[in-house]
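Just below is one structure, and these are the notes that go with it.
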Amino acid sequence: MKRFLLCSFALVLLYPAGIDMYLVGLPRIAADLNASEAQLHIAFSVYLAGMATAMLFAGKIADQSGRKPVAIVGAIVFMMASLLCSRASEGSLFLSGRFLQGVGAGGCYVVAFAILRDTLDEHRRAKVLSLLNGITCIVPVLAPVMGHLIMLRFPWQSLFYTMSTMGIMVGLLSLFILRETRPARLAPRDLSPSSSAAESLVNRFFVSRLAITTLSVSVILTFVNASPVLLMEVMGFSRGDYAITMALTAGVSMVVSFSTPFALGLFKPRTLMLVSQGLFLTAGVTLSLAHTNTVTLFGLTLICAGFSVGFGVAMSQALGPFSLRAGVASSTLGIAQVCGSSLWIWLAAILGISAMNMLIGILIGCSIVSILLIFSVAPNRSVAEHEEIPYQSRS
């Protein structure tokens, strides 16, 4: 079991590392490529577009050919794309590399969740996904610090050499440590009507959890995207103050994420999901009424706590019905989360909504819609039946 957890954690970490590692070098990258920082900020959206593109195909391929091949190919693509970024001499080539980085990270991300669905029951999966969320929160703290230390002595290209090395390490783990977890496919005659209905992507319960997780990811990505404007322009923080504040909020996320597995032993998953959305709603109201930096920071802290306590539980519930189509389900969740959050951020920018109002709007909208879905759509009885994997591959 430890090998599956190790490999899943490593596969997931490529995604946030690809976002956060290079940001500290953005001014120098822009200068060397004769591009403005504003032009290169589109690299974030390009990276997410690459992830979404990979997710369109990775899940189905993982269900048909296995988790291991997709993980290996994803790591190789991430490694080679990182090298392409390091060799870029102009903006378009750099953005192409960022897109391919997203493709590699997206494939690995999908496989990681499919592996956890294959190997863990619902109760353990919810705990592990909460821990995974906590570990993921470490990356936004450590990656900029690591990037800063690297750039004290080396050029910005070294940031992408580091990411390339990460891709190599994940590829080696996938090749030599990871075992195939894809369950053996049942013949059509062996699939009962209830099984087919439960593993349908238009299943009412799955759609509700897809909506909840997509809205939750939209909240946290809106926070990350808006945080430089909120903290440095609106609140007047220096770059150092901004880094410290983001480190503290990430610390809150880690503490709550690592505490959630213990909370699951005391409370029902639905209770934690309601607490999560309650924290989002409280954060939205707090930010809308805030007149001091202290109150605003308290509201931002509630966002991190709310996401950490509920996201892993909701993801576990969403994957629960899928024993044979975990890859496709994981892809669908990833695509919805990436595209949904990107659409909201893009739409808010087009409409000229301020960073604060953008954040308040998604917080209140997410909490109201999610609370209604949690109360109105309960887990199907058949979900528990599909927690068991019919046949486990030993390859």
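Placed from the backbone N, Cα and C atoms, the Cβ positions cover glycine too.
Topology check against Swiss-Prot: ASP63 and PHE154 fall in different compartments relative to the membrane. Only residues 6 or more beyond the boundaries of the transmembrane segment (217-237), in the same chain, are considered here, and those with a CB under 8 A from a CB of the stretch are 44, 140, 245-246, 280, 293, 296, 300, 303-304, 306-307, 311, 337-338, 340-342, 344-345, 348, 355-356, 358-359, 362-363, 366. On the 0 to 100 pLDDT scale, the topological domain 'Cytoplasmic' (114-130) averages 88 in the predicted structure. Outside the transmembrane segment (358-378), and at least 6 residues removed from its termini, the chain residues within Cβ reach (under 8 Å) are 204-205, 208, 211-212, 215-216, 218-219, 222-223, 226, 230, 270, 273-274, 277-278, 280-281, 283-285, 287-288, 303, 344-345, 348. Helix first, then strand, then coil: DSSP counts for the topological domain 'Periplasmic' (354-357) stand at 3 helix, 0 strand, 1 coil. Helix, strand and coil counts under DSSP for the topological domain 'Cytoplasmic' (63-68) come to 5 helix, 0 strand, 1 coil. Only pairs six or more apart in sequence are counted, and the transmembrane segment (131-151) with the transmembrane segment (42-62) gives fewer than three Cβ pairs under 8 Å, not enough to call it a contact.
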